[in-house]
Amino acid sequence: MTTTAPLNDITSTSQGKTNHARFITLVRHGRTRYNAENRLQGQIDIPLDEVGRWQIQQTAAELRRLYVGGWTEDGAVSGLNAEEGQQEKCQEKPLVVTSTLGRAQETAHAFADALGVPVHVDDRVKERGFGELEGMPVTEMQKRWPEDFESWRNFGDGELSHGAEPKAEVGRRGAEAVNEWAHTVDSDTQLFVFSHGAWINQVVNTLMGWSEFHSDFADLVSMRNAFWTRLMLFDMPDGSERYRLVDYAHGPVAAYTQDWDNPEV
């Protein structure tokens, strides 16, 4: 079994850099056909479906309204409607990073394009690889390899027998990416990372230090499509840095007022 990466090994990549983003938002992509069919998706580059494209529009608007407000490069409220720009107290610049996979990139652009900010692609932000299981319905895995299925479903490592990427390796590469991007900017900038469900789960577990105690990565529930998680990068009195969980598995208002996976689109 792969050992987890101590958090101080990850944050050591930013030693000597005193400035950083204060808030980091990790956003899962919208729904795909594989999500709807309950298939193991992994690194297959499958696009969003119609529902997924509707979901990301709801999420993008809510992220801009809640966390960006009326910010634009020239300081004017441009490209946003009045509702999206109503929280004028949120004026931190957005830095947007995304996975190499199209479903995450489309989700990122739904947010960033209205603000006129670039989208940066980072290979470390792509989804966990699932080897020969990618594209397979979960029910087929259960039928063909029942013991491995039960192990995987109960936070074991049965999927590793089929070429899946170890959770700890996903957490490490993702956490290093988040930490490095967060230290490329000052506190007047927020970092938004558009990625994938397993990746976000394993990265949050790693950045919070939980994976050092629970190597099964079972401390967090799964996030729904186009939901997000917020972290704060906090400066401790002793000069060290610590990631703090602000919000987990949050969605836009539409996700709580109608059927998120079966809207009238």
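Going from the start of the chain as shown, residues are counted 1 onward.
Glycine is no exception: its Cβ is also placed from the backbone N, Cα and C atoms.
Per TrEMBL, these features apply:
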type     : residues                                     : note
BINDING  : R28, H29, G30, R31, T32, R33, Y34, N35, R103 : substrate binding site
ACT_SITE : H29                                          : active site, tele-phosphohistidine intermediate
ACT_SITE : E127                                         : active site, proton donor/acceptor
Local backbone state of R28 (substrate binding site), from DSSP in three classes: strand
C-alpha spacing of the residue listed as 'active site, proton donor/acceptor' relative to R28 (substrate binding site), in angstrom: 10
Cβ packing number for R103 (substrate binding site), 10 Å threshold: 29
Maximal Cα-Cα distance (Å) across residues annotated as binding substrate, namely R28, H29, G30, R31, T32, R33, Y34, N35, R103: 15
E127 (active site, proton donor/acceptor) versus T32 (substrate binding site) - Cα distance in angstrom: 14
Cα-Cα distance linking E127 (active site, proton donor/acceptor) and Y34 (substrate binding site), given in Å to the nearest integer: 14
Surrounding CB atoms that lie within 10 Å of the CB of the residue listed as 'active site, proton donor/acceptor', all protein chains: 27
Proximal but sequence-remote residues of the same chain as G30 (substrate binding site) (Cβ under 8 Å, at least 6 apart): L48, V51, G52, R53, W54, Q55, I56, T59, R103, E106, T107, N225, A226
Cβ-Cβ neighbours of T32 (substrate binding site) (radius 10 Å): 21
DSSP-derived class (H/G/I helix, E/B strand, else coil) of E127 (active site, proton donor/acceptor): coil
